[in-house]
Amino acid sequence: MAIAVYPGTFDPMTRGHEDLVRRASNIFDELVVGVAHSPNKRPFFSLEERISIAREVLGHYPNVRVEGFAGLLKDFVRKNNARVIVRGLRAVSDFEYEFQMAGMNRYLLPDVETMFLTPSDQYQFISGTFVREIAVLGGDVSKFVFPSVERWLAEKISKPE
């Protein structure tokens, strides 16, 4: 059984993320979407919220499971018996960071491969950061996220902590 892990902060889950999940779920028997704790990134949504959002967006994929994780990706990959780490590459600017991470992951997990997927054309420019900024400033994010994510954003923005 081919198992892959698609890790990320998913703050929030965008249509670009879902596009990669859809395509990766057609390649692997099981895809585990790993929602990272990522305290250094100071996420807009809590880990629990990001897991809930991802499960709402991805719940219709029978071979996709969403789990949160803290700590090293290598431990999460091992825990899930995955043989592949799936990563998205939007632009050349993503490549250097992702290339370095893939090298480190290969060092830590010599028997696990990193597979890069490029987004479909309409999602190449979408990032969680852009979506959050547009939403906070009152802009329309409906083309970038699913309606359930729009609701999560609106609720979070209307109730600042």
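Here the Cβ of each residue, glycine as well, is placed from N, Cα and C on the backbone.
Annotated features in Swiss-Prot:
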- Thr9, Phe10, His17, Gly88, Leu89, Arg90, Glu98, Tyr123, Gln124, Phe125, Ile126, Ser127, Gly128, Thr129: ATP binding site (BINDING)
- Thr9, Lys41, Leu73, Arg87: substrate binding site (BINDING)
- His17: site 'Transition state stabilizer' (SITE)
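Everything Swiss-Prot records as a feature, shown here on the structure.
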residue	record	DSSP class
Thr9	ATP binding site	coil
His17	ATP binding site	helix
Lys41	substrate binding site	helix
Leu73	substrate binding site	helix
Arg87	substrate binding site	strand
Glu98	ATP binding site	helix
Gln124	ATP binding site	coil
Cα distance, Leu73 (substrate binding site) to Leu89 (ATP binding site), nearest Å? 18
Spatial neighbours of Lys41 (substrate binding site) among the binding-site residues Thr9, His17, Gln124, Gly128, using Cα within 10 Å, are Thr9
Inter-residue Cα distance where the pair is His17 (ATP binding site) and Leu73 (substrate binding site), in Å: 18
Among His17, Lys41, Arg87, all listed as binding-site residues, which has the most CB atoms within 10 Å of its CB? His17
Widest Cα span across the substrate binders Thr9, Lys41, Leu73, Arg87, in Å? 18
Of the binding-site residues Thr9, Glu98, Gln124, Ile126, Gly128, the one whose Cα sits nearest to the Cα of Arg87 (substrate binding site) is Glu98
If you count Cβ atoms within 10 Å of the Cβ of Thr9 (ATP binding site), leaving out that atom itself, what do you get? 18
